[in-house]
Amino acid sequence: MNWDGLYASAFERIRDNIGKVGNVLLAYNTNIDAIKYLEREDLERRIGAAGREEVLPYSEKLPKRIESVPQLLGSILWSIRRGKAAELFVESCSTRFYMRRWGWDELRMGGQVGIMANLLGGVYGVPVIAHVPQLSRLQAELFKDGPIYVPKVEGGKLKLVHPKEFKADEENCIHYIYEFPRGFRVFDFEAPRENRFIGSADDYNTNVVIRPEFEEHFGEIAEKTELAIISGLQALTEGNYREPFETIKEHLDVLEGKGIPAHLEFAFTPDETVRKEILGVLGKFWSVGLNEVELASIMDVMGEKTLAEKLLAHDPVDPIVVTKAMLKLAEKTGVRRIHFHTYGYYLALTDYRGEFVRDALLFAALAAAAKAKLGDVRNIDDVVKAMDVPVNEKAKGVEEALTKEYGMENGIAEVNGYQLAFIPTKIVAKPKSTVGIGDTISSSAFVGEFALR
């Protein structure tokens, strides 16, 4: 197949039509990312100082949250050993102080909402309304220029302003990102691919603290909205999920009542009770986006233990197993679209049909490759600069398996009453950063679909 030709065509169509997309509501997590590029000698020294025998058990199994330095270092090792991302809440004040003293190499916009706001509003020119739990001066400065808005209430009236015009000096919400390249070695472990571990060290995003503007004026905000992307539920626990979930359910009911398609951007959620709660409200969403670790964690709470294990058994992950898991999730919840993204390929299972689903995936993959290649995408025309990045050769086996099992043609197949769309991604050999790649993929694909409708 001429995938490069399909990539070029998809980009042109979405670039020409993305201006049709109206306001996209983004909630709930925005923060500041403090990025540290790991160095072998430094990490080995820190593990030695913390006690190697104390650290290594957490590289086998992640804790639910981080309460000590050995848990932090072991969790970083867990990600390195597997080349997989993970994010955990840092509860311990002494560990937060340790991370602050360890320092960072750069500060960037963080949180799924913040990253997607800068991409959709600052790069694509799609107007967004963002939920920002704390609008510090530094947080506001990290937003790009463009149609990015936050609600502000003055004299009892709601208006939308750019974050830089909000003029508040609230707290800094900092998350620490520990990045490593493919082949990164520490002791006898080697990273099979580039990725990162995230230590969340703020109490607003992790408790999904919802701003009063969103509590009191959500109906009015929703009136101004055409699409919604919900994220940030991953740090909730059995102890703190009930209050925010009540508000979130109310928000979902409002969106559903107004016929506004909402996408849930899933993320690694350690707490089983919270995963079950998310599963319970998934039917209120149009769409959900996840990777193999996240899909396996959902299969686990659905009682599909064997399927969960199979999802993590092979690299690249078996597309037939992924499809079976997506079918089970769609049939159980009624969610209309499931977007699966992994290193090397994407799949979308939808209860509707059309090549635009595949083309939106292609646009998303090109945007992700551009972000990996350039570090920062300044405008939509920067996306096309990734056209020279090669299509993943290993995905040929994935395509062959899907063709054999489902009779896939041109990246599209009919499976059990659903359409399955497939694309191979473009792989940047030495990415400048991996932070925000997943958010770039999911928001570009979701909004890209509606640009082509």
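Using the three backbone atoms N, Cα and C, a Cβ is placed for every residue, glycine included.
As annotated by Swiss-Prot, domain 'ADPK' applies to 1-453, with the evidence given as sequence analysis.
According to DSSP, Asp33 (D-glucose binding site) sits within a strand segment. With a cut-off of 8 Å between CB atoms and residues at least 6 apart in sequence, the same chain places Leu107, Arg108, Met109, Gly110, Gly111, Ile174, His175, Ile177, Val435 near Asp33 (D-glucose binding site), listed in sequence order. Taken from Swiss-Prot, the feature D-glucose binding site applies to Asp33, Glu87, Gly111, Gln112, His175, Asp439.
Within the same chain, residues at least 6 positions away in sequence whose Cβ sits under 8 Å from that of Glu265 (Mg(2+) binding site) are Gln112, Met116, Ile229, Ile230, Ser231, Val288, Gly289, Gly438, Asp439, Ser442, Ser443. Following the DSSP three-state reduction, the secondary structure of Glu265 (Mg(2+) binding site) is strand. Taken from Swiss-Prot, the feature Mg(2+) binding site applies to Glu265, Glu294, Asp439.
Thr342 (ADP binding site): 20 other CB atoms within 10 A of its CB, across all protein chains. Taken from Swiss-Prot, the feature ADP binding site covers Asn291, His341, Thr342, Val428, Gly438.
Secondary structure from DSSP puts Asp439 (D-glucose binding site) in a helix. Under the heading active site, proton acceptor, Swiss-Prot lists Asp439.
Glu294 (Mg(2+) binding site) is 23 Å away from Val428 (ADP binding site) when you measure Cα to Cα. In this structure, the C-alpha atom of Glu87 (D-glucose binding site) lies 12 angstrom from that of Glu294 (Mg(2+) binding site).
All protein chains considered, the CB of Gln112 (D-glucose binding site) has 26 other CB atoms within 10 Å. DSSP gives Asn291 (ADP binding site) a coil state; it is part of no helix or strand. Site extent for ADP: among the recorded binding residues Asn291, His341, Thr342, Val428, Gly438, the largest C-alpha separation is 19 Å. With respect to Cβ neighbours within 10 Å, the binding-site residues Glu87, Glu294, Asp439 differ, and Glu87 shows the lowest count.
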